Amino acid sequence: MNQASDEKALVVLSGGQDSTTCLYWALRRFGAGKVEAVTFDYGQRHRVELDCARKIAALAGVRQTVLPIDTFAAIGGNALTDASIAPEEGVRDDDALPNTFVPGRNLVFLTFAAAFAYTRGARHLVTGVAQTDYSGYPDCRENTLKALEVALRLGMDSRVELHTPLMYLSKAETVTLAQQVGALEALAWSHTCYNGEVPPCGHCASCELRAKGFAEAGVPDPLVERCQAEAQGL
């Protein structure tokens, strides 16, 4: 069995609101010097998030590694990796999966992350997936993650543990958690917009959910404030 440290953690950092919050949660949970980040370049439409992830990792003072996975772009069929498909606007009110669903993405990401953590002697994997609010992505559900954790433990003969701090939090509760763990400054550099726009487009489902969460939490969005200040030359 791999003798991984009970203290080391690897965070899957996309550069978005949720993964940024989880990075700072991990720093509180495991301590500075015990946390690394891994980011996946999978041919995503919103390429700006890769730059955001680098900036946020630097702000947090954690080592970051970017791993390329070009398979999803080759498969296509969804709005995040296929340039011919525009992301749907607004939040769906039915049970159908949105066209931003990338089949198998989180399963692949976490499998690669587990392999990477194995080589680093880290036992803990932290991811920002959540099954509340919107999307209904099947690879964000707790039962999926629990099953994957079992498979990773068996397949790598390790004691890997998946942490999902946001699993049952609403977007407003996620904002509150970000406050508690000191992530608000870093969230000014995070990226959520499916269209890859800065300032955020404001009308894709991801932008709408982010805005709703900050509004319900009664907290100004640091990203919006930064963009407004830059537009005013401040």
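Cβ from N, Cα, C; glycine included.
Taken from Swiss-Prot, the feature ATP binding site covers LEU13, SER14, GLY15, GLY16, GLN17, ASP18, SER19, THR20, THR21, CYS22, LEU23, and the record attributes it to sequence analysis. Around THR21 (ATP binding site), the same-chain residues at least 6 positions away in sequence with a Cβ under 8 Å from its Cβ are GLY128, PRO165, LEU166, THR174, LEU177, ALA178, VAL181, ALA183, LEU187.
According to its DSSP assignment, CYS204 (Zn(2+) binding site) is in a strand. The feature Zn(2+) binding site is assigned by Swiss-Prot to CYS193, CYS201, CYS204, CYS207, with sequence analysis given as support.
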Next on the checklist: To see if you understand the setup: which same-chain residues, six or more apart in sequence, place their Cβ under 8 Å from that of CYS193 (Zn(2+) binding site)?
Outcome noted: HIS46, PRO200, CYS201, CYS204, SER206, CYS207
Checklist entry - Which residues of the same chain, at least 6 positions away in sequence, have a Cβ lying under 8 Å from the Cβ of LEU13 (ATP binding site)? => result SER19, THR20, CYS22, LEU23, ALA37, VAL38, THR39, ALA53, ILE56, ALA57, GLN64
Next on the checklist: I need the neighbours of the ATP site defined by LEU13, SER14, GLY15, GLY16, GLN17, ASP18, SER19, THR20, THR21, CYS22, LEU23. Which other residues of that chain put their C-beta within 8 angstroms of the C-beta centroid, in sequence order?
Outcome noted: ALA53, ILE56, GLY128, SER190
